[in-house]
Every structure is written in C-alpha cells, then in structure tokens.
Amino acid sequence: MPAPENRFKTAIHAGKPQIGLWLDMGEAITAEIAGTAGFDWLVIDGEHGPNDLRSIIDQLRALATSPAEPVVRVPVGESWMIKQLLDAGARTLLVPMVDSAEQASDLVSAMHYPPRGIRGMGAAVARASAFNTIADYADSASDGVCLLVQAETRAAINDLDNILAVEGVDGVFIGPADLAADMGYLGRIDEPEVQAVIEAAIVKIVAAGKAAGILTFNEAYNRRYLELGASFVAVGADVTEFANTLRALSARYKGGSAPQPSRSGY
C-alpha cells in the first residue's frame with residue numbers, strides 16, 4: 001500500500017486554484033473548526049505561531065478527516081526539522097526566507113530519502129507510515145511530499161529564475177510583508193513598486209511551470225493574484241478573523257466602531 005495522495009500537491013500541479021487560511025493560534029480545536037469551513041488548505045504556522053512539534057502533531061490529527069489539506073510552515077529550513085515534521089505526518093512544507101537556488105536545492109534533498117536526498121530513515125515508528133502499516137511508505141513517500149519555498153527578499157527575487165529551475169520545488173510563495181520591508185517599505189505592501197514586483201514574480205513563477213502562492217488580507221489583491229495564475233492563495237488568518245469578529249460584535253452592542261484591521265497580512 002503506497003502513501004496516500006497529497007490532494008494539495010495534485011491540485012496545484014494541475015493549476016487548480018486553492019484557497020487557504022493561516023492557523024496561528026497553535027490549538028487543535030481551532031484547526032478542527034477551520035477544517036469544516038471549506039478551505040482547500042490550512043497553514044499550521046511554525047514560524048510566527050506559538051507551535052512546537054507536539055502542537056503541530058495535534059493539529060495534524062485534528063485535520064486528519066478534513067477535506068482541507070494541512071500545510072506546515074517550518075520555523076527555518078533545517079534538514080533535521082524537516083525530517084521530524086515529515087515523520088510526524090506533514091506532507092506539504094512551506095519554508096520561509098529561501099533566498100537562493102542553493103538553499104532550495106538543499107531543501108529538496110531534505111525532503112527525500114536516498115538516493116534522491118538525505119532524509120533519514122525512521123518513519124516506521126512515526127505517524128507518516130501510520131506506524132508501519134503503510135508497507136510501501138519509503139518507496140512512495142516522495143510522491144506525496146510537496147515543497148513550497150518562500151521568496152520574500154530582494155535576493156530571492158533576483159535569483160528567482162534559478163530557484164524555479166530547481167527540480168523538486170513544487171511552488172514558490174511570495175511573502176509580501178517581508179518583501180515590502182526588504183524593499184524599504186515596512187508595513188506598506190500597497191506601494192506600487194512592491195505590487196509590481198509581486199505581480200511580475202507571480203507571472204514568472206507560473207510561466208516556469210511552478211505553482212505560485214501568496215497570503216494577504218486584501219480581497220482585491222487576492223483576486224488579482226488569482227487572475228495572474230496564482231494557484232494557492234491564503235486569504236486570512238484564524239487570529240485576525242477571531243479578533244476582528246469579536247471587536248465588531250462588541251462595538252455593535254457597546255457603541256463606537258471596531259478598530260480597522262490591516263489589509264496586508266503579517
């Protein structure tokens with residue numbers, strides 16, 4: 001029996017738009033609720049969310065029967081961390097701050113068993129192989145894993161052609177907030193120069209046959225990115241949706257107006 005199909009990977013390779021949500025509360029119950037909301041993918045955020053390996057596993061369990069595919073964002077692209085998360089049952093990993101093709105190539109290697117990569121054996125005692133009940137797991141694991149790298153600096157944009165040429169990179173995710181900050185526009189993704197770079201990057205990613213992704217809290221931007229061919233677009237986060245809804249509810253009964261949320265995301 002091979003490893004189960006990664007629906008998210010299949011969809012983005014087919015160019016089918018996937019709408020997602022960020023999970024930053026670090027709670028399994030929140031993930032479980034989000035899994036009923038109709039999103040195609042949900043990011044368990046290990047970079048900015050209050051997560052560790054155990055809380056990530058709890059959220060993976062909570063989403064096990066959900067139609068939404070979990071994507072785990074690692075805090076940093078270290079091979080040992082990637083190995084742990086893959087063994088824990090994560091199949092799609094999002095890696096922040098990938099600035100070069102060399103970094104991307106190293107990440108691809110960390111995702112796969114030898115001879116293709118350097119992933120250490122050990123899934124037989126972990127969730128990934130259903131605790132050794134998926135007999136062909138090691139042989140089929142590569143088919144199910146999906147690597148998304150984040151381009152969120154000028155260095156990454158400058159090396160984007162080479163990053164896109166790395167076999168085994170399934171998609172490139174543009175980090176608009178960090179990119180804007182690196183370009184000198186801290187907290188200002190609305191700047192025309194920033195938007196021009198983002199749009200050009202999406203077009204380039206799609207033209208190279210890779211999946212393009214992004215997160216913003218701005219509906220107009222998100223629809224524009226989908227028009228340009230972005231295939232995995234996150235449109236909100238659990239923390240902000242929860243906070244904004246509560247503030248609006250309170251304001252409706254107590255008078256006044258709720259604080260205006262950021263449109264950019266992160």
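If you go along the chain as it appears here, the first residue is 1 and each next one adds 1.
Cβ from N, Cα, C; glycine included.
If you look up Swiss-Prot, you'll see HIS48 marked as active site, proton acceptor. As annotated by Swiss-Prot, divalent metal cation binding site applies to GLU152, ASP178. The site 'Transition state stabilizer' annotation in Swiss-Prot covers ARG73. Feature annotation from Swiss-Prot assigns site 'Increases basicity of active site His' to ASP87.
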Across all protein chains shown, the recorded positions ASP87, GLU152, ASP178 give the max Cβ-within-10 Å count at GLU152
Among HIS48, ARG73, the one of these recorded positions whose Cβ has the fewest neighbouring Cβ atoms within 10 Å: HIS48
Comparing the Cα of ASP178 (divalent metal cation binding site) with the Cα atoms of the recorded positions HIS48, ARG73, ASP87, the shortest distance belongs to HIS48
Rounded Cα distance, in Å, between ARG73 (site 'Transition state stabilizer') and GLU152 (divalent metal cation binding site) is 14
